[in-house]
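Some features that TrEMBL has for this protein:
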ACT_SITE  ASP164  active site, proton acceptor
BINDING   LYS51, LYS70, GLU119, TYR120, ALA121, GLU168, ASN169, ASP182  ATP binding site
COMPBIAS  1-10  compositional bias 'Polar residues'
COMPBIAS  15-26  compositional bias 'Basic and acidic residues'
CROSSLNK  LYS166  SUMO2 cross-link
DOMAIN    41-291  domain 'Protein kinase'
REGION    1-29  region 'Disordered'
Amino acid sequence: MAESNATYQQPICHDSSHPAKPDLSHPVDNTNKSHWSIDDFEIGKPLGKGKFGNVFLAREKKSKYIIALKVLFKSQLQKGGVEHQLRREVEIQAHLRHPNILRLYGYFYDDRRVYLILEYAPRGELYKQLRAQRTFSEPISAKYIRQIADALNYCHSKAVIHRDIKPENLLLDFFGNIKIADFGWSVHAPTSRRTTLCGTLDYLPPEMINSKPHDKSVDLWSLGVLCYEFLCGYPPFESEDQQSTYTRITTCSFNFPPHVSEGARNFISLLLVIDPTKRLPLDNALTHQWVVDQSAKSDDQMFPQRNDK
């Protein structure tokens with residue numbers, strides 16, 4: 001079936017599983033409009049700039065609900081050959097409902113642009129915080145890993161593989177909780193094993209580099225790489241040139257700096273395994289002793305008790 005621009009006409013839908021959140025869909029139910037337009041929003045400050053467009057803080061006029069409006073230029077999407085990738089991203093993300101996955105409320109388009117109506121994550125990109133702090137403590141790292149693992153477990157239950165988990169694709173909400181964003185490389189693969197080379201080099205697993213079929217276990221490898229980068233400030237297979245990085249990944253050659261605890265080393269080593277079938281499953285990752293013990297300490301570090309005496 002040929003794909004068309006009608007793909008972008010899906011309305012914003014109500015999510016009853018998150019009643020505590022402001023409801024952007026409510027104003028839609030009380031109007032006769034078939035879809036959204038830019039006139040429905042007050043546009044605020046820019047939040048970020050990408051290859052294909054920009055993201056702005058915005059407010060839906062009727063509900064006063066704050067959102068992030070991603071504005072993509074059709075000409076740039078066509079030039080980059082990523083229209084299909086965008087459609088796939090929208091179709092997948094619009095149907096995911098998890099507290100640690102950024103919501104896509106809806107989308108619309110005009111002659112020149114495509115607009116994505118996204119949940120606003122006030123604390124912004126995790127990548128910027130990691131660069132500023134260089135490393136995260138073990139409690140904070142474990143908290144983030146637990147939230148990401150739980151979100152990935154949900155995705156896998158829906159037969160969705162993310163395939164591009166990295167700090168740049170993670171945002172933080174007002175309370176400092178993870179929001180997985182950017183499903184551009186994700187795929188709905190209920191039965192097939194994929195062979196596409198995608199994602200970011202430092203996070204690619206051996207099977208993808210070797211052009212072998214892959215499945216949801218690629219996200220387990222990425223989780224291990226991510227945990228290592230949280231604790232060390234750089235990915236485990238980082239090298240001076242691309243070929244050296246390839247070699248280190250395919251041989252799973254990496255070392256831990258002295259400050260990384262034995263528990264963290266054990267957790268990461270159970271995920272960074274060449275054989276995809278032997279990687280630590282997400283259910284086990286969530287109950288791993290290091291994740292459980294360290295994440296329990298994270299609130300004390302994020303919200304330390306005040307001593308006014």
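Using N, Cα and C of the backbone, Cβ positions are placed for all residues, glycine too.
This view paints the features noted in TrEMBL onto the structure.
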residue	record	contacts (Cβ under 8 Å, 6+ apart)
LYS51	ATP binding site	GLN76, GLY80
LYS70	ATP binding site	GLY53, ASN54, VAL55, TYR115, LEU116, LEU118
GLU119	ATP binding site	ILE67, ALA68, LEU102, ARG103, LEU104, TYR105, LYS179
TYR120	ATP binding site	LEU57, ILE66, ILE67, ALA68
ALA121	ATP binding site	ALA68, LEU102, LEU171, LEU172, ASP173, LYS179, ALA181
ASN169	ATP binding site	ILE180, ALA181, ASP182
*Inside 10 Å of the Cβ of ASP182 (ATP binding site), count up the other Cβ atoms and send me the figure.*
18
_Among ASP164, GLU168, the one of these recorded positions whose Cβ has the fewest neighbouring Cβ atoms within 10 Å_ = GLU168
*Largest separation between Cα atoms (Å) of residues that the record links to ATP, namely LYS51, LYS70, GLU119, TYR120, ALA121, GLU168, ASN169, ASP182*: 20
